[in-house]
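Peer 1: What follows is a structure written as structure tokens; I'll ask about it next.
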Amino acid sequence: MSDSHARENTPILHARGLGKQVDSGERRLDILTGLDLDVFPGESVAILGSSGAGKSTLLGLLAGLDTPTSGELMLFGKSLSSLDEDGRAQLRAGHVGFVFQNFQLLPTLTALENVLLPLELTPGKDHQARGRDWLERVGLGERLGHLPKQLSGGEQQRVAVARAFVTEPALVFADEPTGNLDRTTGRKVIDLLFALNREAGTTLVLVTHDHHLARRCQRCLQLDGGRLVELDRDEVEA
Amino acid sequence: MTGHARRDDIFRLSLKGLRRDLRASDVRALFVALALAVAASTMIGFFLDRLDRGLTRQASQLMGGDIKLEQDEPFDAELRRQLEQAGLTLADQVDLVSMASHGDAFQLASLKVVGDAYPLYGQVHVDQGQGVVQVPNGPARGKVWIAPRLAQLLNVSIGQEIQVGQVSLAVSGLIEREPDQSAGFGSFNPRLMMHVDDLDATDLIRPGSRVEFELLAKGSPEAVESVQGLLSRLQAEGIEVEDVREDRPQLGSALERAEKYLSLAGLAAVLLAGVAVAMATRRYVDRHLDTAALLRCFGASQRQLARLFALQLLWLALASATVGALLGLAGQAGLLALLMQFLPMELPPPGWLPLLMGVLTAVAVLIGFAGPTLLRLKQVSALKVLRRELDPLPASAWLVIGVASLVFGGLLWLYSGDLQLSLGLLAGGLVALVVLWGLGWLLLGGVLRLAGRWSNGQGGGAQALRLGARQLARRRQASLGQLLAFAVTFAAMAIITLVRGDLLTTWQAQLPQDTPNYFAINIQPAERDGFIDILDDAVDSRSALYPMVRGRITAINGQPPRDVVPEEHRGDNSLRRELNLTWQEDIPEGNRIVAGEWFGPEAGVGYAGGAQTVPISMESGLAGRLGMGLGDTLTFAIGSQNVTGEIMSLRDLDWDSFRPNFFVVFPPGVLERFGHSYITAFHLDRESGGQVLGELVSAYPGVSLINVEAILGRVRELLSQVTRAVEFVLAFVLLAGVSVLYAALTASHSLRTHESGLLRVFGAGDRLISRVQGVEFALLGFTSGLMGALLAELAAAGVYVGWLDLVPRIHWMMWLVLPLGGALLIGVIGHALSRGVRRQTPMASLGLLGEA
């Protein structure tokens, strides 16, 4: 086995027997049970599931925002269970980007300042230039100083996309990125997301209930009964 | 791979974050509230600090120097050398009483013999023929300056000569005011000031003549401190020593109360600002929960978040403290300008201490009132970006109140220097808060029930009342918080206003229009009835006529006074000079018995002299200084006899009253056998007065008339200046109150935006939403006003009794003004501030909630 082959086969994200239980009144609810997943560098993976299937819970676990009840999870080759909350945060810093359904832009910050926010946690001098560059790449070069409320929903999500890529992360999580957008706008944002993903060679994990969207990923996984089932891309109904 | 955020990155990020944050209304509210707290506390701190130092200087001026030594023979050169070596500037002065004459006119005069260094402090106001001017020296050799009354009595004018002892001196000035005019009414003879070089030629200093030699010294506090040992030694040798730091005359009661009022107002402003900070912080934290969660997502650690927000707020505190301190500096200049006329002209420059205290106040207020709430930011979970409901639990109300109380108590202690008072106020405040919480709950329920009952109709007004009351009820917890904040605000504003009003009334009552402006002394028994007849026809008011006998205290409980009196009061004037004694059947007007009982009218009947004791009444302050109480005896030497009195009652009296006041009062039947004269005080109109005075002077040339109009005028002026200062400070407190309203309304902004958006979606028109919001704010304001009135009434009573020494009373108007005014104020301000909310489309107002 050559070195390069070994590196390609080292998953960026590796889950075995992942489980998550929550207390709901007197009952314990199993949201995820014995879930396995490997995501390799440069891949784009869609996780499909109906409403309430536990997609957001899974995303939270994969990104290290939450801790599993059972199982093993490794991000960038490090076991998350061995890290505390701060350790997990440190692991994310500069290496993971996020796109949220509800954009999560801070209302008092301009478009540029919102994009700069993750950069500001890391040292470096050309932050401003990088922020401008990424906003230009998402077509908002003229709107740098606008506050979120002065932007349309699609524009806001483009700012969020620029923010996700500005640190040049190895891995981007997207949680229903078109959920709050109309179809045409949503499609434009998704085109942008995939284009940038290709250009930057980033790994993308996308959570959605939209089959159209899922089909554009290299792999599609269905979350069902707390486990992931790999779908053939052609099986995903349009 | 980029490294982890370094220290200076957080530093930079915090500065950047604050700059961006200034766009948010809650941060502006925090800024305004903190700046106001600092402005109020530094303004008052600066002012009181300068006033205190200025008063010490003024006291030096009144005393004539920082140290005053007095004995009945000249001071030797060795002592002078020692004092001068310590860095003190010296001035000699000799006081004696002697006859002055001009032609056929003779008059006893009170001589003040001064050297070239006179006066060490201040200037003499003297008319040298061209109107009154201020000069920094005394008369030259061969000249005298005399009081206008002496000029009148001797019928002499500037340029003419008068005879003093064996020498003839030219009158070159009429003295309007001396800087060291501390003699009061002790020296009844008119002033004659001359140069020390002329003293020998007068031949007035002979063995046995009653002369006081004074050595006055001026110097830095360090220099004064360095001669303390020497001074104690001199004191032991029998030289009378006065040190300005110990013998500084107490502030007049008016100024003392004003000082206390200013401190109280400063603390009220700090408390109000604290409440505003607490409210603004809630909104600040709510808004930053998302920022914190996002930063967690992007990889920030808890520690970094804590540092980030702590630094951000530290910058805010420093920036607002700077602005506040500058405002405070300007404010104290304003305060000073208002009070300038009666303060010594050269007040020392502002010190640094108040500035430090200001910054400390800002940081303390921020930590105390915002700290516990801010901890929430640290606890935020990164998962919140996916699941909005994952907000950390709000800080416990009791924790917030507990920490805020501790910090405020600390500030109270720092400012008042009185631990017991601070603890008492704090404990009282906390108990009041618990009671208020419960009371607020009941009151809000009651008002809402009433509103529900009145809103059964179908009209627009009834509908708005119903909806407004329901909105308030739905957010009962939040409303209760606002209710308490508003109630405390209204109460603080009301207390400061009430206290101001009552202070002014008290001050005005203290010096009514017909306050005596003349004293007549030395009225002989035979002249008494005739004098009174002329007087009563001409004046609107006069005090009773008091007989006066002079006596010296020779024994206390049969022992020499020096052996019994507490050490620090052995030099008390009452032991060194003759006291004015009187007899009265009844308690003198304006006096209050504070211990024991007034002797009956017959108590002195049958007094035969000798060792027999008679009951007497003593002024409580003097009794305290001499360490005496009920049952103790005092022996007076009057003429060649001794009279012993047993203290039967202690009296409080008002020394600022411009009436004759006596330390010791005897019953009738005891002192009549000694030589005595009468004293009275009366009010004479400036216009019609001249004729009556002329009549009195020519009919009774032996009676001395003393005009105290000038002193009275200065006291009146002082009161009106202090009043203006008090009003100036009141304005600051009211501003701080408005900052609370602003902060509170900012805090509930997003919730109201959402509500009005929903109402509009459900079909409510502009008019209805506007009315509903108006009603909601007005109901809140009304209830807060009711509670504020209760709180203010209780607190004012406490402040009056415990601090300002005024009699408490119920303020009925306040119970009307606060609820109605509160409804109007909160209704109008709240309504106006939510105008922006009403203007938003429902899309915008509902969408905003999703992003915020």
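Cβ atoms here come from the backbone N, Cα and C positions, even for glycine.
All annotation found in TrEMBL is predicted automatically rather than curated by experts.
Predicted, not measured: the structure shown is a model, and the values here were computed from it.
For reference, TrEMBL lists these features for the protein:
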{"type": "DOMAIN", "residues": "B:265-370", "note": "domain 'ABC3 transporter permease C-terminal'"}
{"type": "DOMAIN", "residues": "B:728-842", "note": "domain 'ABC3 transporter permease C-terminal'"}
{"type": "TRANSMEM", "residues": "B:29-48", "note": "transmembrane segment"}
{"type": "TRANSMEM", "residues": "B:261-280", "note": "transmembrane segment"}
{"type": "TRANSMEM", "residues": "B:313-340", "note": "transmembrane segment"}
{"type": "TRANSMEM", "residues": "B:352-375", "note": "transmembrane segment"}
{"type": "TRANSMEM", "residues": "B:396-415", "note": "transmembrane segment"}
{"type": "TRANSMEM", "residues": "B:421-444", "note": "transmembrane segment"}
{"type": "TRANSMEM", "residues": "B:480-499", "note": "transmembrane segment"}
{"type": "TRANSMEM", "residues": "B:725-745", "note": "transmembrane segment"}
{"type": "TRANSMEM", "residues": "B:777-800", "note": "transmembrane segment"}
{"type": "TRANSMEM", "residues": "B:812-833", "note": "transmembrane segment"}
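Could you tell me the structural context for the features on the list?
Peer 2: Looking only at the domain 'ABC3 transporter permease C-terminal' (B:265-370), the predicted model's pLDDT averages out at 78.
Beyond its flanks by at least six residues, the transmembrane segment (B:261-280) meets 26-27, 29-30, 32-34, 36-37, 40-41, 43-45, 47-48, 361, 365-366, 368-370, 373, 400, 404, 407-408, 411-412, 415-416, 481-482, 485, 488-489, 492-493, 495-496, 499-500, 503, 725-726, 729-730, 732-733, 736-737, 739-740, 742-744, 746-747, 799, 803-804 of its own chain at Cβ-Cβ distances under 8 Å.
Among residues of the same chain six or more beyond the transmembrane segment (B:396-415), those with a C-beta under 8 A of the stretch's C-beta atoms are 41, 45, 263, 266-267, 270-271, 274, 278, 357, 360-361, 364-365, 367-369, 371-373, 421-423, 425-426, 429-430, 433, 481.
Packing against the transmembrane segment (B:421-444) from elsewhere in the chain are residues 401, 405, 408-409, 412-413, 472, 476, 479-480, 483-484, 487, 783, 786-787, 790-791, 794-795, 798, 802-803: each is 6 or more residues past its ends and has a CB under 8 Å from a CB in it.
Under 8 Å from some Cβ of the transmembrane segment (B:480-499) lie the Cβ atoms of residues 261, 264-265, 268, 271-272, 275, 278-279, 397, 433, 436-437, 440-441, 443-444, 729-730, 733-734, 737, 740-741, 744, 747-748, 780-781, 783-785, 787-789, 791-792, 795-796, 799-800, 804, 811, 814, 818, 822, 826, all in the same chain and six or more residues away from its ends.
Residues 264, 428, 432, 436, 439-440, 443-444, 447-448, 451, 468-469, 472, 479, 482-484, 486-492, 494-495, 498-499, 502, 806-808, 810-811, 814-815, 818-827, 829-831 of the same chain, all 6+ positions outside the transmembrane segment (B:777-800), place their C-beta atoms under 8 angstroms from a C-beta of that stretch.
Residues 486, 490, 494, 498, 738, 741-742, 745-746, 749, 770, 773-786, 788-789, 792-793 of the same chain lie 6+ residues outside the transmembrane segment (B:812-833) yet bring a C-beta within less than 8 angstroms of a C-beta in it.
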Peer 1: If we skip the immediate neighbours and take only residues 6+ beyond the ends of the transmembrane segment (B:352-375), which ones have a Cβ under 8 Å from one of its Cβ atoms?
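Peer 2: For the transmembrane segment (B:352-375), the list is 30, 34, 37-38, 41-42, 45-46, 49, 270, 273-275, 277-278, 281-282, 284-285, 309-310, 313-314, 316-318, 320-321, 324-325, 328, 394-396, 399-400, 403-404, 406-408, 410-411, 414-415.
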Peer 1: Could you pull out which residues elsewhere in the chain have a CB under 8 Å from any CB of the transmembrane segment (B:725-745), counting only those six or more residues past its ends?
Peer 2: 26, 29-30, 32-33, 36-37, 39-40, 43-44, 258, 261-262, 265-266, 268-269, 272-273, 275-277, 279-280, 331, 334-335, 338-339, 482, 485-486, 489-490, 492-493, 496-497, 500, 503-504, 825-826, 829-830, 833-834
Peer 1: Determine how many residues of the domain 'ABC3 transporter permease C-terminal' (B:265-370) DSSP places in helix, in strand and in coil.
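Peer 2: Residue counts for the domain 'ABC3 transporter permease C-terminal' (B:265-370) by secondary structure: 92 helix, 0 strand, 14 coil.
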